[in-house]
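See below for the structure under consideration.
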Amino acid sequence: MSHSSTALLHPYVAARATEKFAPIYFFCHPLQSAETDVAERANKRPIWIMGHMVNANYQIDEFVNLGANSIETDVSFDSSANPEYTYHGVPCDCRGWCKKWEYFNNFLKALRKATTPGDSKYHEKLVLVVFDLKTGSLYDNQAYDAGKKLAKNLLQHYWNNGNNGGRAYIVLSIPNLAHYKLITGFKETLKTEGHPELMEKVGYDFSGNDNIDQVANAYKKAGVTGHVWQSDGITNCLLRGLDRVRKAVANRDSSNGYINKVYYWTVDKRQSTKNALDAGVDGIMPNYPDVIADVPNESAYKAKFRIASYDDNPWETFKN
């Protein structure tokens, strides 16, 4: 039957024949729209809003509900290099929550629930966790042990011994370049315990605002060749320029740089957030995510930035 032959049919039959093909016509549009969305998404830098000092279990829900898609948690160690508490202590940021705390392993269990699909406490948008490792209390020669013990704790209480544990990406943030062996201890322990594949979920950061070349040398000693986040910042009580951020961004965007992502802390003002985005950062770390979380959606920024999801690999350098 030719296309024109519907005109010869009874009006009801002709209408039904037209309806039969109508869904095909309308079905094309969502596909085109989806392709456009994917293309637009690929051209926007994914941004991680990293809630600062999330150290009590209830704060996980609180910060995600305020707009964070990632959190930073402080980890203190006992004299034997065991991770003991999630605790920052004083001094800390102006208007920050310095004294919230939890036993480290209890926090890991709560974090696992918050990042395990199907759990009643699951938050789909919580995709990255930075552990700010307070290794200043340790001797340099304890760094390897600290990494070893940290890995064992995470393996048991967060990754559930490799059996459907939490899915978030983890950044080990170390304040002292001399403690690079923490990375070695962590990596070798996961291998010894039979779960080297979990290193695919682990990245690194040296948070001491050291010279970029010195940081590169520490990674070389640790055998790290990827998964690198570079932090820069200062307490929100003080002002800090973006000079080092720009150096880190230049390293990230160069053909031979070692950095994959750059984040800036601690940012609680919208203008500071805009300045950091203008400088090209991948992450912003606020005490109050709700104050700044929608900045990437402002008209001046939404064509270039979007909030990162689990589909965004935090170890891949964004290329535009």
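Backbone N, Cα and C define each Cβ position, glycine as well.
Under the three-state DSSP scheme, His52 (active site) falls in the coil class. Among the features that Swiss-Prot reports, active site is placed at His52.
A coil conformation is recorded for Cys98 (disulfide bond) in the three-state DSSP classification, outside any helix or strand. The disulfide bond feature in Swiss-Prot is assigned to Cys92-Cys98 (among others); the stated evidence is similarity to another entry.
Taken from Swiss-Prot, the feature disulfide bond covers Cys94-Cys237 (among others).
Neighbour density for Asn297 (N-linked glycosylation site): within 10 A of its CB lie 11 other CB atoms from the protein chains shown. Summarising the annotation, Swiss-Prot assigns N-linked glycosylation site to Asn297.
The signal peptide annotation in Swiss-Prot covers 1-15.
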Whole-number Å value for how far Asn297 (N-linked glycosylation site) lies from His52 (active site) (Cα to Cα): 21
Asn297 (N-linked glycosylation site) to Cys94 (disulfide bond) - Cα separation in whole Å: 27
Site with most surrounding Cβ atoms, counting all protein chains shown within 10 Å, from the disulfide-bonded residues Cys92, Cys94, Cys98: Cys92
